[in-house]
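Feature annotations, reproduced from TrEMBL:
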{"type": "TRANSMEM", "residues": "6-28", "note": "transmembrane segment"}
{"type": "TRANSMEM", "residues": "55-76", "note": "transmembrane segment"}
{"type": "TRANSMEM", "residues": "82-104", "note": "transmembrane segment"}
{"type": "TRANSMEM", "residues": "124-145", "note": "transmembrane segment"}
{"type": "TRANSMEM", "residues": "165-186", "note": "transmembrane segment"}
{"type": "TRANSMEM", "residues": "193-216", "note": "transmembrane segment"}
{"type": "TRANSMEM", "residues": "222-244", "note": "transmembrane segment"}
Amino acid sequence: MHLNVATFFFVAAAAMGLSLLCQGWRVWQLVPDSVKNASAEFDVANWRLRSSRMWLSSLLDASGQYLEVIVIGIVLGPSTAAYYFSATRITNVFAMIAGAMTIYATRHISPLYHGRTTEELRDFLSSLAILSLLLGLGAFIVIMLGGKLLLSLFGPSYTDVYPALLILAVGGSLTAMAGPAPYLLLLTGHDGLYPWIVAGTLAVRIGLIVILGYWLGLIGAAIAGSLGAAATAVALVVACRWVLGVDPSVLAAVRRIPLGANRKDEGPREGA
């Protein structure tokens, strides 16, 4: 059987649809009977506003990277876009690390924040940031040592993209080290701020790709992509510090290590 592009996309879409159905069925099984039998309450205006913001956030997150590839294809041609896309598929491991940390963090962020237990939230985020740091460093080392081998899976000529891959890996590692900053904003009532940050940094990233890509080619596009990812991470962390008074990044976790050691010597906190 010959698998052409159209067939591949059809099979991929069908598999995603089946996966969503299975997830929905499993989630419905775990919903308590008290929730299933509860009378429905509607607040359409409020939920339309919040849902539209979260939908826009998800749309920007999902489409940003592919928009980069389209812009590179327009500026530098389809071959360069293919090289860039292959490199970003590898560095996407950092986004997977951040996503995994976020999935775990979501069930803890809201109760800790809205329960006014800010210090416990900081401790939790610090532990999560240290784990993200270790995983991010491990992924970067793997890419640094085995990047050419991974690129060769796309074709022999793709190994020439190795320098661009390393540049993108630097920006990707910064994304992982920002911690669950996106969902920290989304789950604490600041869902209107997050899309503005992502949209603004995406516009800057696209502009840098056009300028540096036209000037330096693929390496310039990689530098622009890495700078854009770093700018997004920094902006989200600054926003968390500004509106929440909480820093979810690795830097905050490192600064808190000596404080944590001193706190143990002081005995348990009040209310523990």
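From the backbone N, Cα and C atoms, a Cβ is placed for every residue, glycine too.
A TrEMBL annotation is a machine prediction, not a hand-curated record.
The highest tally of CB pairs under 8 A with the transmembrane segment (82-104), across 6-28, 124-145, 165-186, 222-244, is held by 165-186. When each of the listed stretches 6-28, 124-145, 165-186, 193-216, 222-244 is scored by C-beta pairs under 8 angstroms to the transmembrane segment (55-76), 193-216 comes out highest.
With a threshold of 8 Å between CB atoms, the same-chain residues lying at least 6 positions outside the transmembrane segment (165-186) that come near it are 54, 57, 61, 87-88, 90-95, 97-98, 101-102, 105-106, 109, 125, 128-129, 132-133, 135-137, 139-140, 143-144, 147, 151, 193-194, 219, 222-223, 225-230, 232-234, 236-237, 239-240, 243-244, 246, 248-250.
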